[in-house]
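Feature annotations, courtesy of TrEMBL:
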BINDING   C15, C50, C85  [4Fe-4S] cluster 1 binding site
BINDING   C157, C161, C164  [4Fe-4S] cluster 2 binding site
DOMAIN    6-121  domain 'MTTase N-terminal'
DOMAIN    143-375  domain 'Radical SAM core'
DOMAIN    378-439  domain 'TRAM'
Amino acid sequence: MKSSPKTFAVKSFGCQMNVYDGDRMAELMAAQGLTPADAADADLVVLNTCHIREKATEKVYSDIGRIRKDAGKQGRAPMIAIAGCVAQAEGAEIVRRAKVDVVVGPQAYHNLPDLVAKAARGEAALDTDMPVETKFGHLPARRRVPPSAFLTVQEGCDKFCTYCVVPYTRGAEVSRPWGAIVDEAQALVDAGAREITLLGQNVNAWTGTDARGRDGGLDALIRELDTVLGLARIRYTTSHPNDMTQKLIDAHADVEKLMPFLHLPVQAGSDRILKAMNRSHSRDSYLRILDRVRAARPDIALSGDFIVGFPGETDADFAETLSLVDAVGYAQAFSFKYSPRPGTPAAGMDDQIAPEVMDDRLQRLQAALNRDQSAFNAGVVGRTCDVLIERKGKLPGQMLGKSPWLQSVHLITDAGVGDMVEVDIVRADPNSLAGMERVKIAA
Ligand code: 5AD
Ligand code: SF4
């Protein structure tokens, strides 16, 4: 039995939705009167875990061991709570194997305070339910947030790509109601946000009904948020090609606050592999969507996700991924080696690809993506754009912020965090841009 914790730390791994959940858990524990602390000193450590690729689970177990060992040296035994997708996927197995105090899934974390209280009484504290009743209604109001804030509007996935655990760990696609999102957006702006990124595993599958009873998709929600005073920028991620409606594409043409950036994962360039992945779009249909997006917003920065070494991927299939990359010219992208996930159809497929073949393909793909990222960054040099200042840089007087195309920009300025400054982009470095301030726009 452990005494009730007085301090806490939340460590989030994985995607931006986990970052959002981690922040909300921190707000929840702070609202219970607990004080935030470093993970190294906290009475309660929440590990908000990711299950998307291999080793994530093993990493959780080794993290638990390390936290215990470090705390043990100080004569402490912190309470450990496992949240997120590993909690959902492994459930009681984590309690059995690592004797953690609390296990809470991504749809149940509003119950974290109760679970912590139970654990303090020495009772079993596990909740991996996926209630229809939403957790969001049970979370405290947003208070202080960074200039660029996340807002989860949609959760879950019905697509069942054959490699992916998300439909199992996050459940079916659910959209948060219109009014709750608009209220939270306003609360975020009141608490200091100038940019909001709408989050969802399939964010562009979001649907809702507005105050006048009209049904709409993500485009309608974006147009509504465009009217929120004090909000300067809107982004959304991650989208699925099949839910990329013309209305949403049109919003990129005429909603000024909607930033010129689109993360649209394709995963592979070969139709044969896309079919085996159950992606339900083809190479061609994907490229046609991007043509329409570019027609609506010619300067749009495109981003994607790729998996190399899906079972059965031949050299010829992989060559099609490289040629798709050449055809698109991504501004940035994420690429991963295929990782068999227990319980997914692809894990049982024949023709799993040898690790050295995956390594080689990943290296070649990343070289192509880096080349295109550099070219995109170089293309912005000489342009003037707004930069939203997010934090201090390493050098004196230096601040860091983001361009409309989501590039990091560093500049010398006396502008503060949350200010929008007009900047001439003067140089492209491998992972960031150097800017010179023009005139400060009143915040
Ligand atoms: N192996 C490798 N990458 C994966 N992703 C999802 N599942 C797997 C897997 N089993 C990647 C996809 C997805 C991103 C979030 O993670 O590219 O878009
Ligand atoms: Fe996973 Fe596919 Fe759903 Fe994305 S669309 S979360 S890759 S199943």
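Keep in mind that glycine also has a Cβ here, set from the backbone N, Cα and C atoms.
From a predicted model like this one, the values you see are computed outputs, not experimental measurements.
Long-range neighbours of C164 ([4Fe-4S] cluster 2 binding site) (same chain, six or more residues apart, CB within less than 8 Å of its CB): I52, C157, R341, T344. Among the binding-site residues C50, C85, C157, C161, no residue has its Cβ under 6 Å from any atom of ligand 1. C157, C161, C164 are the binding-site residues among C15, C50, C85, C157, C161, C164 whose C-beta comes within less than 6 Å of an atom of ligand 2, given in sequence order.
Taking CA atoms as the reference points, C161 ([4Fe-4S] cluster 2 binding site) and C85 ([4Fe-4S] cluster 1 binding site) are 17 Å apart. For C50 ([4Fe-4S] cluster 1 binding site), the Cβ neighbour count at a 10 Å cut-off comes to 20, with all displayed protein chains included.
Excluding C15, C50, C85 themselves, the residues of that chain whose CB lies within 8 A of the CB mean position for the [4Fe-4S] cluster 1 site are, in sequence, F13, G14, M17, N18, T49, H51, I52, A56, G84, T169. Listed in sequence order, G14, N18, T49, C50, H51, I52, P106, V165, V166, T169, R170 are the same-chain residues at least 6 apart in sequence whose CB falls under 8 Å from the CB of C85 ([4Fe-4S] cluster 1 binding site). The residues near the [4Fe-4S] cluster 2 site, meaning same-chain residues not in C157, C161, C164 whose C-beta sits within 8 angstroms of the mean position of the site's C-beta atoms, are K159, F160, Y163, V165, V166, P167, Q201, in sequence order.
DSSP labels the residues of the domain 'MTTase N-terminal' (6-121) in these numbers: 60 helix, 22 strand, 34 coil.
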